[in-house]
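First comes the structure, then the notes that go with it.
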Amino acid sequence: MADTAQETHAPVQDDPSRRDFIYIAAIAAAAGGAVATVWPFVDQMNPSADTLALASVEYDLTKVEPGQQVVILWRKQPLFIRNRTPEQIAAAIKDDNAAMKDPQKDEARHKPGKAQWLILLGSCTHLGCVPTVGGGEYGGWFCPCHGSVYDTSGRIRKGPAPLNLAVPEYSFLSDTKVKIG
Amino acid sequence: MLRKITLLAATLGLLLGAAAAPALANTAEEPANVHWDFEGPFGRYGKAENQAQLQRGYKVYREVCSSCHSMKLVSFRNLGDPGGPFWNPKYKNPNDNPVVKAIAADYQVDDIDTDTGDTTKRPGIPADRFPSPFANDYAAKASNGGANPPDMSLLARAREGQGRYIFSILMGYENPPAGVTLNPGQHYNKYMAGGVIAMPPPLKAGQVTYDDGTPSSLEQEAMDVSAFLMWAADPHADDRKNTGIAVLIYLLLFSGLLYLAYRQVWKNESH
Amino acid sequence: MSGHSTYEPKNAFSKWLDARLPVTRLVWDSFVDYPTPRNLNYWWTFGGILTLCLGIQILTGIVLAMHYQVGGATAFNSVEHIMRDVRHGWLIRNIHATGASMFFIAVYIHMLRGLYYGSFKPPREVLWLLGCLIYGIMMATAFMGYVLPWGQMSFWGAKVITNLLGVFPGVGQSITTWLWGGYGVDDPTLNRFFSLHYLLPFVIAGVVVLHIWALHVVGQNNPTGVDPKSKADTLPFTPYATAKDAFAMSLFLIVFAVFVFFLPDAMGHADNNIPANPLQTPPHIVPEWYFLPFYAILRAIPDKLMGALAMFGAIGCLFALPWLDTSKVRSMRYRPTAKICFVIFMVVCIILGFCGANKPDDQVIPGLAGFMLLDANANSWVWLSRIGTFYYFLYFLVITPMLGLTETPLPVPETIASPVVANAEKKG
């Protein structure tokens, strides 16, 4: 379909408008067909149906002790499920009005009435390394790659990362069960 | 010009004829000449009565075939895909389709307990594949007198005659003709190559009670389950045919335009 | 590409580029201003169609390789993953699988056109040899590609054809073991076939460039077989040939689309939808249709080594053709006897195709009892394939050399334009 380009200097000069119409229509049809053909070849790289089918997982929270963090694999990425102690929650709320790169209240980072459960994407917002839990001067996370420091609410406090650790879409199915994604 | 095109078409036809040369010259009878509404360029699985047939066919598979035959390549969610037996336009994402979820949850699938590392069973989710009735091929063979029941995911496309072949096998059990001696565990089926089949007659009239009240004659059951297996082997058939019609319309118009352009270019040149 | 270039850069940038890398000049001289005989018919459009086929196969192949997982345990399921789960995967795979057949339909028409109009005769021997080389690499590529889905036909086809190379006395066994990377067709075989299947299309593309280069040095042949003598005999490639090629390509794509969307299983074999099983041979192993005539020649001869040699010899005849043909006249349009022999040859090739598709001992005419002739019944495919094989070699090795010396051709026109003008006058 590629070389359908018709030359502009046609051999006959009898009826220029009809001639031009045919050439323009043919070229336009070829271009339209080419664009429609390209789409499947681009779209095939998007996640396939089986990948999409596993985009959400359910997790039983009783497996996480207070003060602990469990890392599970979600959409082929680490997901932090942290059971925060009252002290950690208090430390996070205390800093709600401190100067931050990406200001956010602690209550915006967990589900209402579930302050103990912090569920975050375990991927540093700088370049995607996995931050280590409990590191850094705020007791949240510390990214070993380039030294970003997060607090106990997962907010960026120091270092090159521009944003807070992302909160995925999730919901509580019961008091002890969450569905992520 | 026209003559040349005819010549071209004839040549293509000859070559294709050679391509389609029958590779089946065995002793079995040709599969019965039955048809389904969803076949052909304009037939669709998604049509209401065809979808009802797929649902009945799924029930036959679930209640009869699946006790011996695996369907490893098909996921529960596929049942709720467009054109599938339980497609519901309300649930664009088949993982949310309650019928599909219920079917999946009815199966126990293997899993690993991430705390202990033990193998466990859990109810299926739409993303799971259909679990196999036997742990592996050897177990399948051992339980079936040495003959491994073939996987059904692609069965309809893995036999000459496709769905017609499956239908025929289900209908083709007979008393062996004189001169054919059967060993224990063997049966006579006139559509099987060689006539001898290890599978006992799997279906009989009334074996499955259809939810939609369709009388379950042997022929009805055989038609329905063959239909389901044809869909399972080619789940994107509807999409394929729809796209095909659009592509052909485009190409015909485009060819027309190109022909006009070609005539225009060559107008004053003899050739 | 003889003579001087007529390309004139129009703006400052094209002047600048032309002085440094005259790529636009090359394209202009090769595909725009290139003088094309004015009497080319539709059989001449298959060169462009083949380029399109190669492009489609490379493009869809690269996409499929993004999803295919090579390996005995994963190959079959990953192909099914493409067919079921990858977005538009069924479409891309159907195009690639059907595309192989369409490619061969086009290449056979292209080759028969060359045979009929004498396009292999001097000065086009190298052009023809390059074409034969492309055909050879195409066969290797198609064979290895058919192995990749790792179905029953893939596996057993690979086993049968690689075993064929074991016929050479002394070294045969070492060759097959080396080819397999083991004691049988297995994961290492599949992996190397995948690697080569990915490589060879680009080799083809390279040889195609040489093929077109050679074509542009000697110029296109034409239905009269007479060399262009003046400007009146030719037209510029663009728009004349491009317009005709584009229309023919579009018609070809219609046939292509019918198979992709409505007959996706027509060119394949049902057994290849069963995963490879080294313990069980399919009841009837057949190669893809485009290999069937050669497969029939292989089986026509009851000796393994001789059969293999005959099969390779059948392909070898094509390479030797420029030196086998003694005719002074290129086009069979002016060679009535040769034309009849050629039509018989085409029919024989198709018959050999049917012979390859059927079991050798089955009856050709059902119900006719026949009689024993040496080792097989006379009414069997094996005897039909022997007759076909005999004519195949007779055509290349006897008819083609002899006919050129003995026949009396019809009068050949002085120039291309003369019969064209005569035609135009007849049409009024």
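Positions of Cβ are set from backbone N, Cα and C atoms, glycine also.
Per TrEMBL, the feature domain 'Cytochrome b/b6 N-terminal region profile' maps to C:13-224.
Taken from TrEMBL, the feature transmembrane segment covers C:42-70 (among others).
Marked as transmembrane segment by TrEMBL: C:91-111 (among others).
Annotation source TrEMBL lists transmembrane segment at C:126-148 (among others).
The annotation transmembrane segment is assigned in TrEMBL to C:160-181 (among others).
Look at TrEMBL and you will find C:193-215 (among others) tagged as transmembrane segment. Counting only same-chain residues 6+ beyond the ends of the transmembrane segment (C:193-215), those with a CB under 8 A from a CB of the stretch are 1, 30, 47, 51, 54, 57-58, 61, 65, 68, 70, 124, 126-127, 130-131, 133-134, 137-138, 140-141, 144-145, 147-148, 158.
Annotation comment: TrEMBL describes C:227-414 as domain 'Cytochrome b/b6 C-terminal region profile'.
If you look up TrEMBL, you'll see C:246-263 (among others) marked as transmembrane segment.
TrEMBL lists C:305-324 (among others) with the feature transmembrane segment.
Through the fold, the transmembrane segment (C:336-354) approaches residues 112, 115-116, 289, 292-293, 296-297, 327, 381, 384-385, 388-389, 391-392, 395, 399, 403, 407, 410 of its own chain, all at least 6 residues removed from its boundaries and within a Cβ separation under 8 Å. Taken from TrEMBL, the feature transmembrane segment covers C:336-354 (among others).
The transmembrane segment annotation in TrEMBL covers C:381-399 (among others). Same-chain neighbours of the transmembrane segment (C:381-399): 293, 296-297, 299-301, 310, 313-314, 317, 320-321, 324, 338, 341, 344-345, 348-349, 351-352, 354-356, 358-362, 364, 373, counting only residues six or more beyond its ends whose CB sits under 8 Å from a CB of the stretch.
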* **Closest-packing stretch to the transmembrane segment (C:246-263), where packing means Cβ pairs under 8 Å, from C:91-111, C:160-181, C:305-324** => C:91-111
* Is the transmembrane segment (C:305-324) packed against any residues at least 6 beyond its ends, judged by a Cβ distance under 8 Å, and which are they? -> 111, 115, 120-122, 124-125, 128-129, 132, 135-136, 139, 164-165, 167-169, 293-295, 297-299, 389, 392-393, 396-397, 400-401
* Sequence-remote partners of the transmembrane segment (C:126-148) [C-beta within less than 8 Å, at least six residues beyond its ends] -> 61, 68, 70, 75, 79, 100, 103-104, 107, 110-111, 114, 119-120, 154-155, 157-158, 161, 189-190, 193-194, 196-197, 200-201, 203-204, 207-208, 210-211, 214-215, 218, 272, 287-288, 290-291, 315, 318-319, 321-322
* **Segment-level pLDDT (mean, integer) for the domain 'Cytochrome b/b6 C-terminal region profile' (C:227-414)** => 94
